[in-house]
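In what follows, a single structure is set out as structure tokens and then discussed.
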There are 2 protein chains.
Amino acid sequence: MDLLFLGTSSGTPTKARNVTALAVLEDTGKGWYLVDCGEATQHQLLYTPLSLHGLRAIFITHVHGDHCYGLPGVLASAGMAGRTEPLEIVAPLGIEEWVRTTLRISQTVLPYELMFHAVETLREWRNRQLRVDATALSHRVPSYGYRFTEARPDPRLDVEKLDREGIPRGPLWGQLAHGFDVQHQGRTLHSDDYLLATRAPRCIVVGGDNDRPELLADACRDAQVLVHEATFTHAVTNDERSLFGHSTAASVAAFAQASDLPNLVLTHFSARYSARPARGLSIENIRAEAAAVYRGRLFLAEDFARFRLGKDGVLLRVETHPTKPR
Amino acid sequence: MDLLFLGTSSGTPTKARNVTALAVLEDTGKGWYLVDCGEATQHQLLYTPLSLHGLRAIFITHVHGDHCYGLPGVLASAGMAGRTEPLEIVAPLGIEEWVRTTLRISQTVLPYELMFHAVETLREWRNRQLRVDATALSHRVPSYGYRFTEARPDPRLDVEKLDREGIPRGPLWGQLAHGFDVQHQGRTLHSDDYLLATRAPRCIVVGGDNDRPELLADACRDAQVLVHEATFTHAVTNDERSLFGHSTAASVAAFAQASDLPNLVLTHFSARYSARPARGLSIENIRAEAAAVYRGRLFLAEDFARFRLGKDGVLLRVETHPTKPR
């Protein structure tokens with residue numbers, strides 16, 4: 001499972017960072033999932049190997065523009081690229097109305113179906129690769145975190161069960177082992193019922209804008225990675241109101257440390273924290289503040305940074321070429 | 001009067017060209033006007049000297065997404081940058097509903113007022129620098145061209161009239177000469193009534209998507225510059241339907257030649273015409289096809305290309321540094 005950051009700035013784009021979007025990639029290398037879709041996400045995709053044909057679903061954390069204004073462009077360009085497969089979008093109420101209004105007024109007809117799921121009433125979204133559930137967070141508007149869990153971590157056939165049920169060895173077993181449901185003596189055998197996980201599933205939690213990281217405690221219990229906003233440093237915030245519903249590097253790091261999270265990726269930085277120090281601030285202030293309290297593997301996201309979560313639960317940064325020129 | 005191209009691709013962005021947007025700049029160097037606002041126009045602005053505080057008005061040619069999906073981002077970022085001055089938007093019906101729906105659903109409150117004018121019923125938009133009127137074009141949806149005309153080309157005081165009306169020489173004359181209305185003996189003297197143009201006004205016509213350039217004949221009569229889409233070359237289009245309501249380089253060039261237009265800027269190119277030839281096509285095909293019939297000054301727009309229309313009616317390309325890295 002890979003993470004490929006497409007935008008890591010809060011509020012407005014800068015020359016170095018676009019507004020929020022994050023791709024979660026399947027191990028297969030083909031399918032991927034988009035979490036948030038700030039303006040110009042489709043432009044960022046031009047500098048990645050990701051294709052809009054491989055996009056399996058979109059998850060929106062909240063309705064603020066820097067997290068969703070890129071949706072219509074992504075949807076329209078997927079259509080112009082010839083996508084015909086339906087596309088599922090999990091999002092807060094309001095996003096469906098906005099997208100459908102946008103398409104109607106701009107007279108954009110998509111050659112594929114949009115299927116919306118309101119995150120407010122979502123129990124679980126799943127396909128053959130992943131299960132995704134949502135956690136309500138605390139922000140100026142309803143905001144959600146999404147947990148991506150591997151659906152079948154290196155499955156093996158439940159041979160005992162197959163023997164017990166008298167299902168004969170041979171092609172049937174092979175199909176079940178590869179995840180296909182099969183017909184046998186007039187009934188359907190579901191692959192899922194005959195596969196056993198051989199290890200704990202990998203699990204990545206991606207938060208939306210949020211000023212109470214501890215709301216993700218349950219979601220993070222068996223997770224190896226938390227991706228969370230750290231818009232500000234505690235050092236420069238005077239009071240809670242000046243946070244505008246956001247977290248500081250210190251508060252996220254403290255939560256991750258208390259939760260024994262092995263890997264933490266901070267993102268969604270205020271433009272005042274840039275690579276080159278200005279007015280006494282730089283992105284290194286974010287890093288230092290988090291590192292002071294968090295002892296796990298700490299990463300600060302950058303646009304086009306790609307990370308790989310191994311089966312051992314260790315997150316590593318992966319080199320990517322070429323990236324967008326700066 | 002300058003033109004600064006912010007996007008010159010049709011339909012979808014490429015690495016080299018963003019979707020449509022064009023800045024028209026006042027001679028003053030401060031105020032500017034935006035014609036169309038494709039997605040990521042605010043990102044392009046980061047690489048220009050233009051500030052959202054200096055934006056006087058926005059003109060949208062038609063409702064297709066590649067000409068307007070960047071509007072909410074520009075408006076929101078202008079707000080975050082502290083703009084308080086009202087902003088006028090001239091646009092086809094539908095754009096106001098879409099922008100207001102977008103701001104409502106994304107819970108974006110602007111610290112300045114939006115003032116919409118429906119282009120369908122616009123007689124003329126004007127301020128102290130410019131007069132703008134619109135021409136209905138022919139496309140798959142209602143589309144308009146905008147003509148920008150200098151309001152006061154190097155005005156001089158109408159001394160004869162002032163003397164005739166007994167308005168005393170001195171500070172009053174100075175204020176009128178600088179464009180200020182003044183009070184005199186209980187009545188208001190309007191600067192406009194005492195200024196005479198000393199030369200013909202500069203005039204630039206910017207077309208929207210359009211498959212009948214000749215519809216701009218009246219608008220172009222006294223214009224020095226036409227900016228028009230040339231999405232395709234005639235050579236690769238099989239029939240009218242394959243144009244999707246767009247023009248070819250040949251048809252625009254023929255119109256400009258028949259109209260004796262001194263300067264023609266082509267833009268809004270299909271992605272199949274790139275800088276490096278692919279499948280036997282490149283942007284040079286556009287140039288060659290237009291140059292074969294047009295004898296005036298011909299330019300092909302590029303992102304961040306800047307042009308200056310002199311008082312002599314000659315359009316020149318102006319070097320700009322730094323541009324965005326490619």
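The backbone N, Cα and C atoms fix where each Cβ goes, and this holds for glycine too.
For B:Asp66 (active site, proton acceptor), the count of additional Cβ atoms within 10 Å of its Cβ stands at 28 [all protein chains shown]. If you look up TrEMBL, you'll see B:Asp66 marked as active site, proton acceptor.
Under the heading Zn(2+) 1 binding site, TrEMBL lists B:His62, B:His64, B:His139, B:Asp209. Following the DSSP three-state reduction, the secondary structure of B:Asp209 (Zn(2+) 1 binding site) is coil.
Contacts of B:Asp209 (Zn(2+) 1 binding site) defined by a Cβ separation under 8 A and a same-chain sequence distance of 6+ are given as B:Thr61, B:His62, B:His64, B:His67, B:Leu137, B:His139, B:Arg140, B:Ser143, B:Glu229, B:Thr231, B:Gly245, B:His246, B:His268, in order along the sequence. For B:Asp66, B:His67, B:Asp209, B:His268, the entry in TrEMBL reads Zn(2+) 2 binding site.
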Other same-chain residues whose Cβ falls within 8 Å of the Cβ centroid of B:Asp66, B:His67, B:Asp209, B:His268, the recorded Zn(2+) 2 site, in sequence order: B:Ser10, B:Gly11, B:Val19, B:Thr20, B:Asp36, B:Gly38, B:Thr61, B:His62, B:His64, B:Gly208, B:Glu229
Local Cβ density at B:His67 (Zn(2+) 2 binding site) - other Cβ atoms counted within 10 Å: 29
Cβ-based isolation winner (fewest other Cβ atoms within 10 Å) among the binding-site residues B:His62, B:His139: B:His139
B:His62, B:His64, B:His139, B:Asp209 excluded, remaining Cβ within 8 Å of their centroid (Zn(2+) 1): B:Thr61, B:Val63, B:His67, B:Arg140, B:Val141, B:Ser143, B:Gly208, B:Asn210, B:Gly245
Binding-site residues among B:His62, B:His64, B:His67, B:Asp209, B:His268 whose Cβ lies under 8 Å from any chain A Cβ: B:His64
Other CB atoms within 10 A, centred on B:His268 (Zn(2+) 2 binding site): 28
